[in-house]
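**Student:** Per Swiss-Prot, domain 'GATase cobBQ-type' is recorded for 248-435. Among the features that Swiss-Prot reports, active site, nucleophile is placed at Cys330, with the record citing sequence analysis. Taken from Swiss-Prot, the feature active site covers His427, and the record attributes it to sequence analysis.
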Amino acid sequence: MPAVMIQGTGSDVGKSLLVAGLCRAARRRGLSVAPFKPQNMSNNAAVTADGGEIGRAQALQARAAGLEPMTDMNPVLLKPESDQGSQVIVQGRRVGTLRARDWFERKPSLMAPVLESFGRLTAAHDLVIVEGAGSPAEVNLRRGDIANMGFARAANVPVVLAGDIDRGGVIAQIVGTQAVIDPEDAAMVAGFLVNKFRGDVRLFDEGYRLIEDRTGWRGYGVVPFFPQAALLPAEDALDLGRPTGQGALTVAWLAFSRVANFDDLDPLKQEPGLTVVMVRPGQPIPAEAGLVILPGTKSTRGDLAFLRAQGWDVDLLAHHRRGGRVLGICGGYQMLGRTVADPQGLEGEPGATEGLGLLDVTTVMHPDKRLTRVEGRHVASGEPLSGYEIHIGATDGPDCARPFAEVDGRPEGAGSPDGRVTGSYLHGMFGSDRFRAAFLRSLGARTSDLAYDARVETVLDSLADHLEAHLDVAGLLALAR
């Protein structure tokens, strides 16, 4: 099958970015290429055209490949709801919530849909570039594996192992991986690469040769650190943790324990008129914030309790009294109302939780999950916007008479009588340039001519150039069989 797989020596070694760059490089060679990740764990999901969901990293990789995101690109998606359990999405559809022990028992049965999705992609494209998850060196997870070597062997896909020199110990990472995995798994590895190098690459020549000598694997190159990665949609909430910008308007967002779809913040952190700050657990909401954003969450009632435990409810009321603005998105919108009821226990124990009371609305959870892309207009400015909805629950109440937007001919969201508190189910809306500019002007912020989508395209091209300059891309792609 025409495929090659990038696995890593650990999490956050840059696998997702490498696959995105390789997809763009292959596309520029005239190949029909598609990304594929057998199993992902993320609360940052993208909605596909057919109403399914996949990891947002695979959506970015699809964009790099010039494709619409498809559920086959990420057939198994785990969305953590607690420390013990995750919602399981198979081929875009929710199949239930499993505790960790139950997941390990069920995992082997999911190889069939994984191979089914992979087969459809390989039949439709010249090349499929596969991304592993975590590391194959986690040999305690090898039994029933569908994400790394279990998949590679089942699908007969050659593997290139990526190590991360930025965190140190890359020689031990790569040589150690070979030492702990089964010989049959090691035989699937065709080579390695070193990612995130800082400084003069020539200084690592000896270490590079040592890895080749110790493993017998071919090296495909050393990739210098790519700072423009910060301009691409964040895959992990920690990527947004560093304050960005030096603008006059401070935008503070609350780092919930189950934060989801935080890519809403990506366009904002690139606006020069803003300073975007993550409020971490235990920290107060900064008094200088002009806007506080309550982002999405995988557990609205759970994170509402988490919010109160940090004292953020008191901070939000003080912020509102000072004349500050508040925006709730999806789960954050639900929190702003009077109550959040979950009679069927879809996100935890059945029951109801008192909301923050900043909007006169109530939310009731129900099992029908809304997954859809939308286009509409922002009511206050009249500017067009687009985005997506991905939520359970319906929200209603008097403040819905002041909708945030109109989408597909219906009102969406809610606003307080004073206009300073708004809520919406729409993710991704800040990628709409005209709307974003109008919204920020309403806050008194200096706006820019940022064309967000065009910038993402430019960075993907630069990423492909970067890999072409430092990797044997032709040799790596030639591994596909």
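Glycine too: its Cβ is placed from the backbone N, Cα and C atoms.
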**Student:** Can you give the mean pLDDT for the domain 'GATase cobBQ-type' (248-435), rounded to a whole number?
**Tutor:** 96
**Student:** What's the CA-CA gap between His427 (active site) and the residue listed as 'active site, nucleophile' in angstrom, rounded?
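**Tutor:** For His427 (active site) versus the residue listed as 'active site, nucleophile', the Cα atoms are 7 Å apart.
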**Student:** What does DSSP assign Cys330 (active site, nucleophile), in three states?
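**Tutor:** Looking at the DSSP assignment, Cys330 (active site, nucleophile) belongs to neither helix nor strand, so coil.
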**Student:** Let's check the environment of the residue listed as 'active site, nucleophile': how many other CB atoms sit within 10 Å of its CB?
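**Tutor:** The residue listed as 'active site, nucleophile' is surrounded by 24 other Cβ atoms within 10 Å.
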